[in-house]
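Marked as transmembrane segment by TrEMBL: 12-33, 69-92, 180-199, 205-225. Residues or ranges marked as domain 'Phosphatidic acid phosphatase type 2/haloperoxidase' by TrEMBL: 99-223.
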Amino acid sequence: MESSGSGSGSGTWQGLILVGIVTWICVSSYLNFTHKIRSLIQPWVSRQVLGGVPLILRIQKCQNGVLDAFFSALSCVVSVPFYTAFLPLLFWSGHGRLARQMTLLIAFCDYLGNCIKDVISAPRPSCPPVRRITATKDEEDNAMEYGLPSSHTLNTVCLSGYLLHYVSSSVGYENVSIQYYGFALACLLVALVAFGRIYLGMHSVVDIVGGLAIGVLILGLWLTVNEQIDDFITSKQNVSSFWTALSFLLLFAYPTPEHPTPSYEYHTAFNGVTLGIVTGVQQTYSQFHHEAVPRVFSPELPLAAYTGRVMVGIPTILLVKFCSKSLAKWILPTVSSALGIPIRSSTYIPKLKLDNVHANGKKTDESKYSVGYLQRLCEFLCQDSFDIDTGIRFFQYAGLAWSVVDLVPSIFSYINL
């Protein structure tokens, strides 16, 4: 009886969350909240960015090759792509709970931070006169996003803060020295990242302050609910179905920026990663992800065995990513055509891009969306067509993440790694 009541209560709040998101999408679209918020905040932020240029120029007067390389490397180390590449290694090391929490926290930070960026659509410091250093392709893509808040600063606050909390809770809060040195190290890392973003010309002071403030708020919220979220993921109560619906809705619950940026692509990719991780862990928690699994450097998982896991796992997940992308490129256009959903592609399917160009300006009876619920939904959302690249990107990263926590551990078990 108690289990049934618990399941009923869980289903109720899951339904309320999904209904709340749908309601928010409809109301915010109808009332045009994004434009109204932007018109209030963007002018003030833009003035702060412009006023902060002299400070950036003073900081950049001490430029040299060593500082350029150091801050560029530091930006790469605390970037979302780096964390994404690091997370599989953390899962395979036996620290499943930490890996799960880090994945979900990064996804939450990425979603909320990019939403705020695209709602406000505030510029980065103008280049020139500011010297902007983009040492990697990832940094070049970051420079195409809007400025407020600084994602690097926000993510560093949240992840270093959560890691400190995790270590402190593992060794015991009575060990004051570890907490003191850990807190000092986390503050130093945040300070270096924040200063580096200004030095590299990627952000102004207002962006950094915004990233710090939002990061502290997100971290405080996460430390309050992380245990409940992890218990839910491992409880097997409608987890996969709920998270699938949530992930789908979050593809729509995203603001339209003033001009297109890569931010939505990042959100789509990590939304897929989260779905793959959650569904995979939920299915295999008792086999591969419980708290009693061997951890690296233990007698059950020595360094040699862990190295073998990495050598087997990395090629496997890359192969799964490639296969997921290929399947999505074949299946999604076919399903969309069968359901009468108008689609376009700007990257993954060149034929659709050409078809859209040829069809531009032509109005036929088939393109008026006069019948069908899905077509009326397209019209309601004020889109002539949906970008199939979003679905392809979502499914390839969901497949990759699922392989990290389900397929690859199964292979490890089979070959005794």
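Glycine is no exception: its Cβ is also placed from the backbone N, Cα and C atoms.
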Within-chain partners of the transmembrane segment (12-33) [C-beta distance under 8 Å, separation at least 6 from its ends]: 238, 242, 245-246, 249-250, 252-253, 381-382
Chain residues outside the transmembrane segment (69-92) and at least six past its termini with a C-beta under 8 angstroms from it: 98-99, 102-103, 106, 110, 133, 135-136, 138-139, 142, 151-152, 155-156, 159, 189, 192-193, 195-197, 199-200, 202, 266, 270, 273, 289, 306, 309-310, 313-314, 317, 404-405, 408-409, 412
Structural state census, the domain 'Phosphatidic acid phosphatase type 2/haloperoxidase' (99-223) (DSSP three-state): 93 helix, 0 strand, 32 coil
